[in-house]
Amino acid sequence: MNTNDIRTVKGEKSLQGTIKVPGDKSISHRSLIIGSIAEGETNIEGFLYSEDPLSTADCLRKLGVHIPEIKKDQPFTIRGLGIDGFREPKEILNCGNSGTTMRLLMGLLAGQTDRNFILTGDKSLNERPMGRVSKPLSLMGGKIYGRENGTKAPISITGNKLKGCVIGTPVASAQVKSAILLAGLNASGTTSVIEPASSRDHTERMLKAFGADIKIRGELGRNIVIKSGNNLTGQNILIPGDISSAAFWMIAASIVPESEILVKNVGLNPTRTGILHVMDEMGCDYKIIEKSTIAGEPIGSIKVKYVSNLKPFKVQGDILPKLIDEIPILTVAACFCNGVSEIKDAKELRVKETDRLKVMARQLKKFGANITEKEDGLIITGESKFHSAEVDSETDHRVSMSLAIASLLAKGSTRIARAGASNVSYPTFWDDLEKLIN
């Protein structure tokens, strides 16, 4: 990760124009992973060419999957090995900074019998919690070992026969749910996942499209049941733009005076659109146009205009999983609302790439923001007058981009250290910012 570069952003600039954000990160990971266990070819278009999905591709190649060199903005085809076709790798599988890669592979590899695998990551990933995946997989018969009683990477997996069972997840996490469902493909009988709240459902949608026997039951899709025995068949996948990347421009257009931005072809999966509900609460001026559905995923273009006198908002409870990655940029937005905004029930942010609650509070205070950090969230008093500052992404991609948007509201020029962290999810972010600055 190239995080050492410093970027300078001049404040008091408006943003105008049309932008197409990179492909959805969640769907990019899953297209590779599910394509790799399908039979036949899977054609992928719109793939996010960034560090995290490329880590997934690299790991799958070491497991024997045919994945060509992936080039930016070019479609490609992978040849799957079937549900139980991975070979034992000769090397350690390095997941880089990608929690999705590590957690989903843990589920996928747990049932690959009589083969051994070791997963590791960078310094940040090796401190992130893996027990939430290793514990349910162990209940299914998985043999998973690691630091701190299997809760921290490096992780060692000895493939074993798994048995289907009913598992309640302690947090509403798409990564945990996906790991269990992928393990369920190789388990005897039926595997059922019960969530405390609805989380991203890209895995369920894609598994169904590939031919898995999967059913969603219960209120808000909280009970997902998968039955082993069905072979998966390769598909054609067109990946929409990532709403978590689009959120930076949607919020920027809302809070930067005289701004208007059209973001094209954004994924509008209802488990990801919490940001739109908060924008409604704030009184933002946006509309969704050019709506369609591709491979079971709704998409549309979002047009957003600046509004003065935005209202404060409260984020808590079941909406958190629908906007967990948007909390950093929403923290910036709250600084420019008229009143006190509150983010609660967001403890999960403390175990992301960084402790995002602490880092966002620390960095935005350098601009002059009025933020109080709580154990599970933030209280932000709006109507801030930002001044230029020396800030630092602290190696977190979403922090880097949030600070860039905050800098547009500051008087003078702001320097952002380790700005290149944005490459993890949005490699063209700084180029796109230059295009939009008016």
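Cβ coordinates are placed from backbone N, Cα and C, and glycine is handled just like the others.
Swiss-Prot lists Lys25, Gly99, Arg128, Gln175, Arg398 as phosphoenolpyruvate-binding residues, and of the candidates Arg61, Arg356, Arg362 the one it assigns to that same site is Arg356.
Lys25 (phosphoenolpyruvate binding site) counts 23 other C-beta atoms within 10 Å of its own C-beta, drawing on all protein chains shown.
Cα of Lys352 (3-phosphoshikimate binding site) to Cα of Arg128 (phosphoenolpyruvate binding site): a distance of 7 Å. Annotation for Gly99 (phosphoenolpyruvate binding site): spatial neighbours Leu125, Arg128, Gln175, criterion Cβ-Cβ under 8 Å with sequence separation of six or more. Within 10 Å of the Cβ of Lys352 (3-phosphoshikimate binding site) there are 20 other Cβ atoms, across all protein chains.
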